[in-house]
Every structure is written in structure tokens, then in C-alpha cells.
Amino acid sequence: MEFLARLLHLQPQTFWMIAKVIIVFAGPLTLAALLTWVERRGSAMIQDRIGPNRALLFGRWRLLGLPQLAADGIKFFLKEDLVTADANKALFWLAPFLAFVPAMMGFAVIPFGRSLVQGGQTYHMSLLEPGNGMGMLYPLAIGSVAVYGILTAAWSSNNKWSILGGMRASAQMVSYELAMSLAVVAIFLRTGGYDPHEIIAHQAVLWNVIPQFFGFLVFFVCMFAETNRLPFDFAEGESEIVAGFHTEYGSMKFALLQLSEYVHIVTAAALIVTLYFGGWQVPFVAAPSVTLSIAAFVLKLVFFCWVFIWIRWTVPRFRFDQLMFMGWKVMLPLSLGNLMVQAFLMYRRG
Amino acid sequence: MAVVVKKVELTWVDRTYVIPVLQGMAITMKHFLKQILTRSRKRFTVQYPEWKREVAPGYRGLHELKRFEDGSIKCVACFMCAEACPARCITIEADAFGDLNKTQGFEEKRPAVFRIDMLRCIYCGMCEEACPKDAIWLRGDYEQASYDRLSMQFGKWDLMNTYADKDGKARITQDPTPSIPRNPTSL
């Protein structure tokens, strides 16, 4: 690292900061692009189909359909950029960014590996250093902001179906946020802090998923609602409301809306891994090396991304009143009870 | 008549919703692994342009006009198929035919024009049933598309050569039986 920094005439700290920004920006974005492929091929395999494989690289290499990503990119950039006549033009343009930027920002706080000590300097593997005072509250807050993108997109399109989609998205949002936050509060209580680095360090012996199983269940379900993924993707609905909030969107604006969903998956998977599955901790290895810890984190991340896709193609879509019922009458009491039991146990232990 | 829909009573295990979802995930994963581990030739999906589907023997696809060993057409222009055709897509114009020394010699007619409008054809197989000479057959070719309407008008030579190469027969564009049409008025 110092060698690379010297090569670029930068202080190692500055170099590491730039590198981290690139990693945190490009990592989830690349993973999200790959996820679009995994989703299409994976869903095809789950449904006994074959999936996209017609796009050829230089007219020759099929590569299991991976050139489809390049084809999609080219298509999205070259397509005509339509804005409907009665749309609110400014908001229509703003909405994809409102959806995309929060999705990207959530990952900033996640530690993706063990801290590295080199040349008397500690380098932390997360964009925001530990002790920044925001901790895990930051991704939760940012994650909720993403719904504004959907609402803006729905409202600005001036399309009945889109507005229905936006209405459903907002109905969804009010029903899961509270249960999700309470589930995370139970973890803060166990850890005695809300910094992701502390939370991960606390999970060295036992991953939070075991003592906090109900909290995990609630958080996991809420993450599906937050990413707008299939059991709870009320904002979209190809059979009822045409395509939901992005009915009027095309070309790169649509791609941004779609990509933000996949970046959200990556962020949600990272949150699940950090909060409940020990982050970069490797089971049965007390002090993993930096490379091993990063590999462990990426492996867990990829696994949970796959789980998101896997569940999407297993469970059919709920109605939004069913999610509201579940959110207020099942998940909220469950996570509240989990919090109370946790607090009681903490009190007993003294 | 009203249909009584029986309401399914869920057990408490089902009502937790977690275990049924896990069961469902196991099912989808089983399908996923099965599909991954089968060779692509053996999968359900036929990769169409490269691999074509074998049709059943009784399939009714593109028509063929049968010919004799020496190449002369079996059709005697009796108009039975044209009459039987519910879509009225067969056009036949008969041609008087007099050389009695050839295979087909005892016949008096053959089609001068035999045209099927494939855009109107409904592939019902009625022509095949109606034909007294087994001259028209519907066979397995199901890929029929073209960029204009005219090329969907299949003429006599198109229909006679439909399966020529596949069956190991030579393609012909001329009836080997000489035609000496008699003057109809001299009959």
C-alpha cells in the first residue's frame, strides 16, 4: 500500500481514502450489475429454463450470457430518452438519482474487512472510520430515504398506475420501518454500542443470529421490504398496475431505478452480514488475516445476495394490506418482545 | 352451479410462515441444482435455431405433393382436396394429359397449377384425407415464415420438392412425363 501510494506521490492515508471510495463505489455497483445477470440466469434455472444467452461477444463467445450485461448497457445509453408530455420534468429527471444515490450511500459505513496496521498506521476497511458517531443508524436512515426516489418517480410520471405504485410503496414503508429499527436496537443493546466495528468485534465468539434469532427474522423480512424485492415489491406490479412507479421510465433513467434496487440488495445483504453474521469474522479462526477476512465478508455478502434472488423466485407477491398486517401485528410485537427479553437478560446479568 | 371453495385450514406450523417458505426454498433450490447439473441438451427448453424439435409422426405441417418413382406427379387434378379444404386455400388448374406409355399413363389429367396459400391454410389435414391417390401429404415442417405474402403461395414445384433433399430424392423442376395435351374440342 505504501509502495502504491509512493508511486502516485500521495500520503498513504490519502491514497487509502481514495482507494476506499473507489472500492465502496465500484464494488457494490459491479456486484449489482452481476446480480442482474445472476437474477436472470438464476431465475431461469429455478424455473427449468435456460435464460439469456443470445448476446455474443464479438459475435463468437457466449460466456453463459454475460455479454448480455454489455448489451444492456449499450441499449440503455442509446435508447431514446422519452419524457411524457404531462410529466413534471424536473422531478422526473431527479427521481432516478433520488433512488440511486441513497442506495449507493448505505454501503459507506459497512466494514468489509479487518482493520489493517501498516507502518504504524491503522487503516480501517470502511469508508467512514469507526467512532464517527453515526454508526449503524446511518444506513438505516439512508435506506429509508430511498423510498423518496420511488415516490418522486411515481408522482412525477403523472400516470395513474405509477401513483398507485408510489402509494403502495409508501404504505409498505410505514409498516416495516419500526419493526426493523427495534430489531437493530436489540443488537445495539447486546453490543453496548452502535458502531459497526464494535458490533463485528462483539460477534467474535458467537454470531448475533443465534441469540437474536427472532430479531434476525424480523430484520431479514424488513430488508426485503426495504429493497422492494419480490415478496414485498408493491411499488411494482406487472399484473395489477402495469409496471408500477417506473411505468413511464425508459433508457438510462429506468436503468438507474433498476440498478438502485440491486445496489440496495448488496447494501441489505451487507447489513445482514454485519449485524447478524459476524461481518468479516471467520468461524473457528480467532484472528483471521486481512485477506481472509475480506474473502469471508465477500462470501457472506454474495450468499445473501443469492438468498434475495432465491426467495424472489420462491415466494409470490403479498398484498400491501397483508404486509401492513404483518408489520404492525406480527413483526412489531415480535421485535419489541425480542428487545424486552434482551433488556431483561442484560438486567439479570447486571 | 355454485362451486364451493373449501377453505384450507392452516396448521400453526403453516401460520408461522417461516417453515413453509423454507420448504418452498428447498423446492426451488432443487430445481436450480437439477437444471444446473443436467446437460443443456437434456433440459426442457429447446434452443431453437440451433436445435430443432422432432415432431410426432402424425404432425400436420407443410404439405408435400408425392411423385412416382420416375418423378411424375401422383396428383390427378380431381379437385377433391380443393373441395374438402375448409379454408379454400388450394387452387388447382387441370391439364389434359395424353401419353399412355408412362407410369401415370392411364390418367387423363394432372395439375397444371397446384397452389396452396399457406397464409390461409389451417393445417387441418382434410386435403390429405380427401385425396384418392395419396398424392398430398402433410408432413413435419413447421418453420414457415417469410417477409412477404407472395412467397407464402406455394406452387406445384415448391410442394413437390418440399422434402426432396431430406428424403434423398432429386429436386425436379420439370415433369419427366411429356405432356401432349389433346385438344379438348376434339374429344
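Sequential numbering from 1, following the chain as shown.
Using N, Cα and C of the backbone, Cβ positions are placed for all residues, glycine too.
Neighbours of B:CYS81 ([4Fe-4S] cluster 1 binding site), defined as other CB atoms within 10 A of its CB across all chains, total 24. In this structure, B:CYS81 ([4Fe-4S] cluster 1 binding site) is part of a helix by DSSP. Among the features that TrEMBL reports, [4Fe-4S] cluster 1 binding site is placed at B:CYS75, B:CYS78, B:CYS81, B:CYS131.
Within 10 Å of the C-beta of B:CYS85 ([4Fe-4S] cluster 2 binding site) we count 19 further C-beta atoms, all protein chains included. What TrEMBL lists as [4Fe-4S] cluster 2 binding site is B:CYS85, B:CYS121, B:CYS124, B:CYS127.
Per TrEMBL, compositional bias 'Polar residues' is recorded for B:174-187.
On the 0 to 100 pLDDT scale, the domain '4Fe-4S ferredoxin-type' (B:65-95) averages 87 in the predicted structure. Annotation comment: TrEMBL describes B:65-95 (among others) as domain '4Fe-4S ferredoxin-type'.
Residue counts for the domain '4Fe-4S ferredoxin-type' (B:112-141) under DSSP, helix first, then strand, then coil, are 5 helix, 9 strand, 16 coil. The domain '4Fe-4S ferredoxin-type' annotation in TrEMBL covers B:112-141 (among others).
Taken from TrEMBL, the feature region 'Disordered' covers B:168-187.
Between B:CYS131 ([4Fe-4S] cluster 1 binding site) and B:CYS124 ([4Fe-4S] cluster 2 binding site), the C-alpha separation comes to 14 Å. Of all the binding-site residues in the list B:CYS75, B:CYS78, B:CYS81, the shortest Cα-Cα distance to B:CYS124 ([4Fe-4S] cluster 2 binding site) is found for B:CYS81.
Outside the domain '4Fe-4S ferredoxin-type' (B:65-95), and at least 6 residues removed from its termini, the chain residues within Cβ reach (under 8 Å) are 102-104, 107-122, 124, 126-137, 156, 159-160, 162, 169-170, 172, 175-177, 179, 181. Here the Cα atom of B:CYS81 ([4Fe-4S] cluster 1 binding site) is found 4 Å from that of B:CYS127 ([4Fe-4S] cluster 2 binding site). One residue stands out among the binding-site residues B:CYS124, B:CYS127 for having the most other Cβ atoms within 10 Å of its Cβ: B:CYS127.
According to its DSSP assignment, B:CYS75 ([4Fe-4S] cluster 1 binding site) is coil. Comparing B:CYS85 ([4Fe-4S] cluster 2 binding site) with B:CYS78 ([4Fe-4S] cluster 1 binding site), their Cα atoms are 13 Å apart once rounded.
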